[in-house]
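Marked as domain 'Nucleoside diphosphate kinase-like' by TrEMBL: 3-140. The ATP binding site feature in TrEMBL is assigned to 11, 59, 87, 93, 104, 114. As annotated by TrEMBL, active site, pros-phosphohistidine intermediate applies to 117.
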Ligand code: RTP
Ligand code: MG
């Protein structure tokens, strides 16, 4: 198994529900370690930049509005097979389709307010981690 890092965001809906700890607990039980973390209320420019890959999609404006609607909790996670492992913990984008026991099945209300973000590939993870954290802020464990 390859040691990987992935970028995780607990979105404004889940922060508002006060379930940061419950979500962190799932990371820990799956063997994912937090190597950097910060809470932040994203600016519109930061959210647009982060989701730039989706800027032509019909849901882009709603996505950005949602992501700046309240603070988010941002973390870099490290572990074996971290990218896929984290995506498995998250569940499907649409919580109605998410498997029972996944974060989105348990905490998300809709495809727009879907509790968490996770990098979708190793290369994306590198870009997304660097978007929010300086190399010196990452603490290998
Ligand atoms: P994320 O990037 O947030 O981890 O989510 P994802 O990979 O599961 O989904 P992605 O296709 O990357 O879409 C990013 C976010 O945009 C919203 N979305 N809405 N209304 C829609 O059809 C639609 N499709 C996507 C979701 O909030 C999704 O998390
Ligand atoms: Mg995505």
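Including glycine, each Cβ sits where the backbone N, Cα and C put it.
Across the structure, residue 104 (ATP binding site) and residue 117 (active site, pros-phosphohistidine intermediate) place their CA atoms 10 angstrom apart.
Within 10 Å of the C-beta of residue 104 (ATP binding site) we count 23 further C-beta atoms, all protein chains included.
Counted within 10 Å of its Cβ, the other Cβ atoms near residue 93 (ATP binding site) come to 11, all protein chains included. Look at the domain 'Nucleoside diphosphate kinase-like' (3-140): DSSP puts its residues at 64 helix, 28 strand, 46 coil.
Close to ligand 1, meaning a Cβ under 6 Å from one of its atoms, are these of the binding-site residues 59, 87, 93, 114: 59, 93, 114.
A gap of 7 Å separates the Cα atoms of residue 11 (ATP binding site) and the residue listed as 'active site, pros-phosphohistidine intermediate'. Here ATP is bound by 11, 59, 87, 93, 104, 114 per the record. The longest Cα to Cα distance in that group is 21 Å.
When pLDDT values are averaged over the domain 'Nucleoside diphosphate kinase-like' (3-140), the model yields 98.
Proximity note: of the listed binding-site residues (59, 87, 93), 87, 93 have a CA within 10 Å of the CA of the residue listed as 'active site, pros-phosphohistidine intermediate', given in sequence order. Of all Cβ atoms in the protein chains displayed, 12 besides its own lie within 10 Å of the Cβ of residue 59 (ATP binding site). Take the CB of residue 114 (ATP binding site) and look out to 10 A: across all protein chains shown you find 23 other CB atoms.
Listed recorded positions: 11, 87, 117; maximum Cβ neighbour count within 10 Å falls on 11.
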